[in-house]
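A.B. asks: Below you will find the structure I want to go over with you.
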């Protein structure tokens, strides 16, 4: 890893560090523990709505024995015009050690990490349409548990490619780990940045070949009104319907970062079907975030060897 006290992008992670984090997350899932060198304080600063990521970080922090400080953006001084930098300097000054941050600005963390006075351990909980490293890593853990490897796996990422930070993080890491990528969904959402990672295909043309179907939420809140497509039209043309699921191999799994728009990206009856790993992803997320936090705290000598 390039920055030892922050995990903000999968681009900074080496393949070996990813596999080490997966191994440690799987150990936590089996009951492994760690010991703090002193009381450690955490805060989760989310400037966009979140259920899974925020509560998953909090559960991970509590399982590791951290004291979790509350923060709500709408009742903080951010509502009075305070900058993110000043908010985090305040958090640092009162004695917080670790922060998970979600912010609508892409690369919000660049200026923070360039500031020599900033020494909080930081996990990026999502930046705009940029990166979502913890979601990507829990996805990698879920795939690894299923197949034991990544090399040669065929993965199709389907849905709102243009606005998805999950797509960007996952395509970067999956390609490096040896998977073969395809993209499906409206062709106008497939932009030039995806060309280096895989080809755009019609979903129906590859269903019988893929090992993993990675579905993406349609992010209505990021669309201009002119871009919208009805939910029904999307489901018929690009969604994982029962008819499409029947064409998949018995060993194929499907993932979704959630929240799920049922009967849009995926048919309602498939969300909890035997080949779905959607709720397993959420379960694994706690253990992967434990592994990430432990790694960062070790760099600050806050975890005993």
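Easy rule for this one: first residue shown is 1, then count along the chain.
Using N, Cα and C of the backbone, Cβ positions are placed for all residues, glycine too.
From Swiss-Prot, here are the annotated features:
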BINDING   52, 53, 102, 132, 135, 258, 259  carbamoyl phosphate binding site
BINDING   80, 165, 217  L-aspartate binding site
A.B. asks: Measuring Cα to Cα, tell me the gap between residue 259 (carbamoyl phosphate binding site) and residue 217 (L-aspartate binding site) in whole angstrom.
C.D. replies: 7
A.B. asks: Count the other Cβ atoms sitting within 10 Å of the Cβ of residue 132 (carbamoyl phosphate binding site), across every protein chain shown.
C.D. replies: 26
A.B. asks: Around residue 217 (L-aspartate binding site), which of the listed binding-site residues (52, 53, 102, 258) come within 10 Å, judging by Cα atoms?
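C.D. replies: Within 10 Å of residue 217 (L-aspartate binding site): 258.
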A.B. asks: Quick check on the binding-site residues: of 52, 102, 217, whose CB has the lowest count of neighbouring CB atoms inside 10 Å?
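C.D. replies: Each of the binding-site residues 52, 102, 217 was scored by Cβ atoms within 10 Å; lowest is 52.
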A.B. asks: Near residue 165 (L-aspartate binding site) in space, meaning Cα within 10 angstroms, which of the binding-site residues do we find among 52, 53, 102, 132, 258?
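C.D. replies: Within 10 Å Cα-Cα: 132.
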A.B. asks: Once near-sequence residues are set aside, which residues in the chain of residue 258 (carbamoyl phosphate binding site), 6 or more away, have Cβ atoms under 8 Å from its Cβ?
C.D. replies: 52, 217, 278, 281, 282
A.B. asks: Rounded to a whole number, what is the top Cα to Cα distance in Å among the residues the record ties to carbamoyl phosphate, namely 52, 53, 102, 132, 135, 258, 259?
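C.D. replies: The widest Cα-Cα gap among those binding residues is 16 Å.
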A.B. asks: Compute the centroid of the Cβ atoms of 52, 53, 102, 132, 135, 258, 259, then list the same-chain residues not in that set whose Cβ lies within 8 Å of it, in sequence order, for the carbamoyl phosphate site.
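C.D. replies: Going along the sequence, the neighbours appear as 50, 51, 56, 125, 126, 166, 257.
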A.B. asks: Using DSSP and collapsing to three states, where does residue 102 (carbamoyl phosphate binding site) fall: helix, strand or coil?
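C.D. replies: For residue 102 (carbamoyl phosphate binding site) - judged by DSSP and reduced to three states - the answer is strand.
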A.B. asks: When DSSP states are folded down to helix, strand and coil, where does residue 165 (L-aspartate binding site) land?
C.D. replies: helix
A.B. asks: Out of 135, 165, 259, which of these binding-site residues shows the lowest number of other CB atoms within 10 Å of its CB?
C.D. replies: 259
A.B. asks: Tell me whether residue 135 (carbamoyl phosphate binding site) sits in a helix, a strand or coil according to DSSP.
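C.D. replies: Once the DSSP labels are grouped into three classes, residue 135 (carbamoyl phosphate binding site) ends up as helix.
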